[in-house]
Every structure is written in structure tokens, then in C-alpha cells.
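One structure is given here, and the rest of the page talks about it.
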Amino acid sequence: MKKYILSLDQGTTSSRAILFNKKGEIVHSAQKEFTQHFPKPGWVEHNAQEIWGSILAVIATCLSEADVKPEQIAGIGITNQRETAVVWDKTTGKPIYNAIVWQSRQTAEICDELKEKGYSEMVREKTGLLIDAYFSGTKVKWILDNVEGAREKAENGDLLFGTIDTWLVWKLSGGKAHVTDYSNASRTLMFNIHDLQWDDELLDMLTVPKSMLPEVRPSSEVYGETIDYHFFGQNVPIAGVAGDQQAALFGQACFGEGMAKNTYGTGCFMLMNTGEKAVASEHGLLTTIAWGIDGKVNYALEGSIFVAGSAIQWLRDGMRMFKDASESEVYASRVESTDGVYVVPAFVGLGTPYWDSEVRGAMFGVTRGTTKEHFIRATLESLAYQIKDVLCAMEADSGIELKTLRVDGGAVKNNFLMKFQSDILDVPVERPVINETTALGAAYLAGLAVGYWKNQDEIKEQWHMDKRFEPTMEAETSEELYAGWKKAIEATKAFK
């Protein structure tokens, strides 16, 4: 009987189930979008029950359409939108509030208070993160402080917290496994990335009871099995978990120190593997856990850019400049340059290395001769400039010079953007054959745990390149363009 690995990719806007075979190829996939809730400006929430429903739906669709029986699944890997926080009742299994999404700014005031109390240095040292509404810790505190009776229930040990991976493992296992992996734990603001434990000092700071927290385990091991009534009568090992960006790093086979990938999704996330050492950042990067496997923990430096693919969506839906995102490449290629136009897409502030949530988007250098084509090109170029900002910070922090950048995500189909990215970074950009690297990474982690794949060397052999973009731009030109971007950033920051 032919066996497969099932990868569950629970993202910000949709849930997907993807079946992989022994060669790391996609056999079939199914996708289902779910509702985004915006109760107040800057707030973003999801219904965790709806997410769970979407996962059950895509599993059923994927298996039936592929004509694969549940007993043919050797293991399940889970990858997830990170930082998004769910708090649920241990007994009823029902969330006590919507999941607060990573993008949501509703805990910004809590963060300001913590900074004023002087916690920043301690948080940075222990977690590798900044005090920011982006991470899970303040979201949990907000739920406990704002949902009636929640704090009392939490103190009594009646509530459980989890990032989305934890929620899904708990549901799939019928409430038997309350676990997370190192990569997801490292994004909560409550986990010490050096001694690999939930940290009492951080929990006191956030007033979160320890009894709510999941057990932290490696990213590749069997956490439990599916309870039969959630998996067509089968007990399948749930065997791999990693946050989406770390899973993509693993799926891109960036196993060596200094290897890096950039994912172009809603936002952009660039991670560089720093091996078994946690490199502290002096340049606004995050130090995070890449994965834990074979008794070892790998660390990474991460740069987070809040607006990437969503800038292209904005051109399409908000500005109505084209009907399909793929047209952006056509328009951008019609002009030789932006004619000095810069777009800074700070719609929800700026991430790495600026970390300024107050700034908003801006546009510079506009003349009467500026056209739609210039505007679209400038928006695409802004994605590449933001990655350059991140790379400069990474090289400064790690002392490692990047040799090539592996890329994935929706926008990598845009050849104009990939070529410009290579030019502005002055390094080759490699696009893989399988772009679903996030789901692939989770599949690999699960497959290794159940012996479906032997080791990381076998996985490395499966990475194949679709196209390599080489830099051809004169250094002087790219430096000039980047200097203009830096000026645009300064001007944007001045306007608040």
C-alpha cells in the first residue's frame, strides 16, 4: 500500500491540506478560506472553531479527490500562522474569545506599558524578540483581562492557551495532546530560547498562569495520534510541527549555517540559519528558534516585513489598477525605471529593522509624467528594498555574507520582482520547483519522525531549482536606487 505524508498548512487567510509522496512531490491539495474579523480599526481576529472546521473540510476534500484512503497516511505535519493566540476551556473545548491574529494591534497599549516599566532588555535577552503586539504573550494577557471570568478560570487551571498548531493538535488528538514545538514557543514572548523553558519572570510580567501553557517539544517527533472520529476511524501519528516561516526554511533545505530564504506572502519573512548559536541582534532583527530535531536546536535570525503581497492586493483591489496580480509584472516591465518614484507601503507601520508601528504609507517623487506603470513598478520595487534592509541587518549581526537567497511564496512567480531583488541585493536569487515550501517543511519534519524519510541528506537531494536570477545591475545604479529608498523611509518616518 502506497503511503503519503499529509501536511496541514493553517495560514492567515486560508487552511490547506497537501499530500506529499516519497519524492517530496505534491500529489494533491485542497484549500478553504475563512472569515477575517475586524472588530475595531487595527484589530484582526479569527474564529478558532471556524479554523478547525476548515481543517476538517480540507482533509476530507484532499483525501477524497486524490482517492487516498486514511490508512495510507504515514504521518501528519502541521505548519501554522505564528503568534496568533487561542484561549479555550479545558472541559468544553470551546474558545472563550476569538483567536487574536499576529497582525492585530489591539495589545499595543499593553506593550507600551511594559516598555515604560523597563522590561525591553530582559525580554530581548530571554526571548530574542521585541515587546510588540505582534507576539502572542500580550494577546493572552488581553484575553484574560478583557473576557469576563477568564482570569479566575485561568488561575483555577480551567483554561488552555495555544498558538494555532497547539489548538489543531489538541483537536485532532481529541484533547489528549496539549503541545507545541520549539519554533512556535519561541514566538510567544513567554519562552526562554536559551534554556528552552517557559520563563517564570516573563509569565509574571504578563500575568499568565503557567498551567495554561502547552508542553514544548521538538519539531519532529510523534506528539500523539488522531482520535478515530476526527480521522475516518484511523489513528495516524501527528509527527511534525513548525511555525510557517521556520517550516519554509526547512522545506527549502536551508540546513547549513548562513543559508537563507525569503517568503513573499501577505508580508515578507526572511530567515537565516545561524546553526546552534542564538545570534543576538543589534540591528532590529529577531533571534528565533528555527527547529528542534535529533536532540539539537537550530537558531535563526529573522526579518519581518508587514506588507508585501498585500501591497499588490492593494493595487488590485484598493487602487483598481489591474484585475489580476500577475498583471503587475506586465505593467512594471513597460517602463525602464520608476522615474524617481518611491512607494513606502507602511500601511500598518514598518517592521524590521525600523519597528515603527505609528508610520503610514507614503509616495515620493511624483511628477505630472508619473503613470500607472511607474506607480506599480515602484510598489513592486519597495518589496525588494525592504528585503535589502533586512539583509544588511543580517550580515551586520551574523558576520555572514549571503551567497544566494532561496525564495518562495506567491510573489515569486513575478519574474520582474525576482530579477530586481537579485539586482538590488547583488546576490543570485533561487526559485525552487516546489513553491509550497511551508507545507513541504512540515511534511519533512513529520516524515523524518515516522521514518518515511531517512535523514536531512535525503531531503537535501530533493530540493530542485526552477530558475536562478543573477544580478546584472551596475553597483553604482543599485546603490543610488537604494539611497533614494533610505531617503523615502526617513521622510515617511517624519510624517506622523
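Each residue, glycine too, has its Cβ placed from N, Cα and C.
Mapped onto three states, the DSSP output places Tyr134 (sn-glycerol 3-phosphate binding site) in coil. Spatially close to Tyr134 (sn-glycerol 3-phosphate binding site) yet at least six residues away along the chain are Glu83, Trp102, Gln103, Ser304, judged by Cβ distances under 8 angstroms. Feature annotation from Swiss-Prot assigns sn-glycerol 3-phosphate binding site to Thr12, Arg82, Glu83, Tyr134, Asp244; the stated evidence is sequence analysis.
According to Swiss-Prot, the ADP binding site annotation covers Thr12, Arg16, Thr266, Gly309, Gly410, Asn414. Residues within less than 8 Å, Cβ to Cβ, of Thr12 (sn-glycerol 3-phosphate binding site) and separated from it by at least 6 positions along the same chain comprise Gln81, Thr84, Val101, Trp102, Gln103, Gly265, Thr266.
Per Swiss-Prot, the feature ATP binding site maps to Thr12, Thr13, Ser14, Thr266, Gly309, Gln313, Gly410; the stated evidence is sequence analysis. Of all Cβ atoms in the protein chains displayed, 13 besides its own lie within 10 Å of the Cβ of Thr13 (ATP binding site).
Within the same chain, residues at least 6 positions away in sequence whose Cβ sits under 8 Å from that of Asp244 (sn-glycerol 3-phosphate binding site) are Asp9, Gly11, Thr79, Asn80, Gln81, Arg82, Thr263, Phe269, Thr438. The glycerol binding site annotation in Swiss-Prot covers Arg82, Glu83, Tyr134, Asp244, Gln245.
Take the CB of His230 (phosphohistidine) and look out to 10 A: across all protein chains shown you find 17 other CB atoms. Annotated phosphohistidine per Swiss-Prot: His230, in sequence order, evidence recorded as sequence analysis.
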Taking Gly309, Gly410 as the binding-site residues to compare, which has the smallest set of other Cβ atoms within 10 Å? Gly410
Would you identify the secondary structure of Arg82 (sn-glycerol 3-phosphate binding site) according to DSSP, in three states? coil
Rounded Cα-Cα span from His230 (phosphohistidine) to Ser14 (ATP binding site), Å: 20
What's the CA to CA span in angstrom from Asn414 (ADP binding site) over to Gln313 (ATP binding site)? 14
Report, in whole Å, the straight Cα-to-Cα distance of Gln313 (ATP binding site) from His230 (phosphohistidine). 36
Chain-internal residues, separated by at least six, CB under 8 A from Gln313 (ATP binding site): Ala325
